[in-house]
Amino acid sequence: MANVVVVGSQWGDEGKGKIVDWLSERADVVVRFQGGHNAGHTLVVDGKVYKLSLLPSGVVRQGKLSIIGNGVVFDPHAFVAEVAKLKAQGVEVTPDRLKIAENTALILSLHRELDGFREDAASNSGTKIGTTRRGIGPAYEDKVGRRAVRVMDLADLETLPLKVDRLLTHHNALRRGLGHGEVTHDAIMAELTSVADEILPYMDRVWKILDDKRRAGERILFEGAQGTLLDIDHGTYPFVTSSNTVAGQAAAGSGVGPGAIGYVLGITKAYTTRVGEGPFPTEQKNEIGEFLGTRGHEFGVVTGRKRRCGWFDAVLVRQAVAVNGIKGIALTKLDVLDGLDEIKVCTGYRLDGEMIDYLPASQGAQARVEPVYETLEGWKGTTAGARSWNDLPAQAVKYVRYIEELIGAPVALLSTSPERDDTILVTDPFQD
């Protein structure tokens, strides 16, 4: 039996929500290990739609333990709001069903404000990253800068004021430099103490809980957010998120050893999308892009932003397979391609007249690569709702097999609609 890490193999929005929900029914524990409330996912359980951005997907299922690991940056006010929203939908998130790592760094209002100040300034200079303005990056900066306020600090009101002072020394200098007013000590203390009683009951030693669960033979699902190409090290820097999104982060971001991870599942969309700024070699700024966006309902769960759309890029996914150690992929949204006369797949790049089979690390080179396509015949039948290979048109099967060949990883799961049961299981990741 394997513990499973789920990661996005593209720029996020690959359909992880449905796959994680599908897997969470088989898991005993579901863990978030990086990111914050900037990455939304939609779950459909028993006909009810749940939209989550911070909480692990396991919270909507009875009998599952959900964990927010130390690799997450945690907005306490967003947490309280999301818990209240779920309660209104009939889901009680209680401390016996959810644990938050005691050493998790907090996102405060000053982080959100700084995020917005920088994006506004960057917009004027043409260097905008396209963040969600939710304070994710500034919170990670404070964590690395060793001045973050962490969950455990809410329980120690004697030392908390000193930590707030240290944080404000840094932030108020930044705010003055950006032409904004300072934040007062009392304002931040009030912000923290107002939510402390709602957060502290969930606080625990997550590393110990996970070690006990692992030794007891329970199934652990590690739920990644965003995608590989948004990784702070391995993504299209600087147009990335502020955390490591690759599978290796599951260990560091939760407190388990890497040996506890048995299977890495890469969620992979049958075409490619991206939100925000940055390079996108196969982007289609034409009727194909509009078709994919409309058919695929490509709008962000958190921001509502329209996603950029393009053909499947095997170069990027092949690189993601290598960087993550992906054993199998869950191919999603195949049904969006139904009805196209022809479908293109990027098999390589041309850079300054030479053929390459990887994405360069240089920002300048990333902007210059030209996709090299192979054109496949489309299919007239429908893949929507298919639950076995026999239900798929022959050309759709050919497309899937071609992708497997190009990326060097097999399809473990194939999703054919947003409904969780419309899934073709080839390999159960937990049985690896």
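Glycine residues also receive a Cβ, built from the backbone N, Cα and C atoms like all the rest.
Copied over from Swiss-Prot:
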{"type": "BINDING", "residues": "12-18, 40-42, Arg307, 333-335, 415-417", "note": "GTP binding site"}
{"type": "BINDING", "residues": "Asp13, Glu14, Gly15, Lys16, Asn38, Ala39, Gly40, His41, Thr132, Arg146, Gln226, Thr241, Arg305", "note": "IMP binding site"}
{"type": "BINDING", "residues": "Asp13, Gly40", "note": "Mg(2+) binding site"}
{"type": "ACT_SITE", "residues": "Asp13", "note": "active site, proton acceptor"}
{"type": "ACT_SITE", "residues": "His41", "note": "active site, proton donor"}
{"type": "BINDING", "residues": "Val301, Val302, Thr303, Gly304, Arg305, Lys306, Arg307", "note": "substrate binding site"}
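Close to Gly304 (substrate binding site) in the fold, though at least 6 residues off in sequence, lies no residue with a CB less than 8 Å from its CB. Every protein chain shown contributes to the tally, and the Cβ of Lys306 (substrate binding site) ends up with 12 other Cβ atoms within 10 Å. Less than 8 angstroms from the CB of Arg307 (substrate binding site) sit Asp13, Thr273, Arg274, Val275, Gly293, Glu298, Phe299, Gly300, each of them six or more residues away in the same chain. Within the set of binding-site residues (Thr132, Gln226), the lowest number of other Cβ atoms found within 10 Å of a Cβ is recorded at Thr132. Figure note: comparing Cβ neighbours within 10 Å for the recorded positions Lys18, His41, Arg305, the maximum is reached by Lys18. Among the recorded positions His41, Thr132, Lys306, the ones whose Cα sits within 10 Å of the Cα of Gly15 (GTP binding site) are His41. His41 (active site, proton donor) falls within a strand when secondary structure is assigned with DSSP. Across the annotated binding residues for IMP (Asp13, Glu14, Gly15, Lys16, Asn38, Ala39, Gly40, His41, Thr132, Arg146, Gln226, Thr241, Arg305), the two most widely spaced Cα atoms sit 34 Å apart.
Rounded to a whole value, the Cα-Cα separation of Thr42 (GTP binding site) and Gln226 (IMP binding site) is 13 Å. The secondary structure of Lys306 (substrate binding site), as reduced to three states from DSSP, is extended strand.
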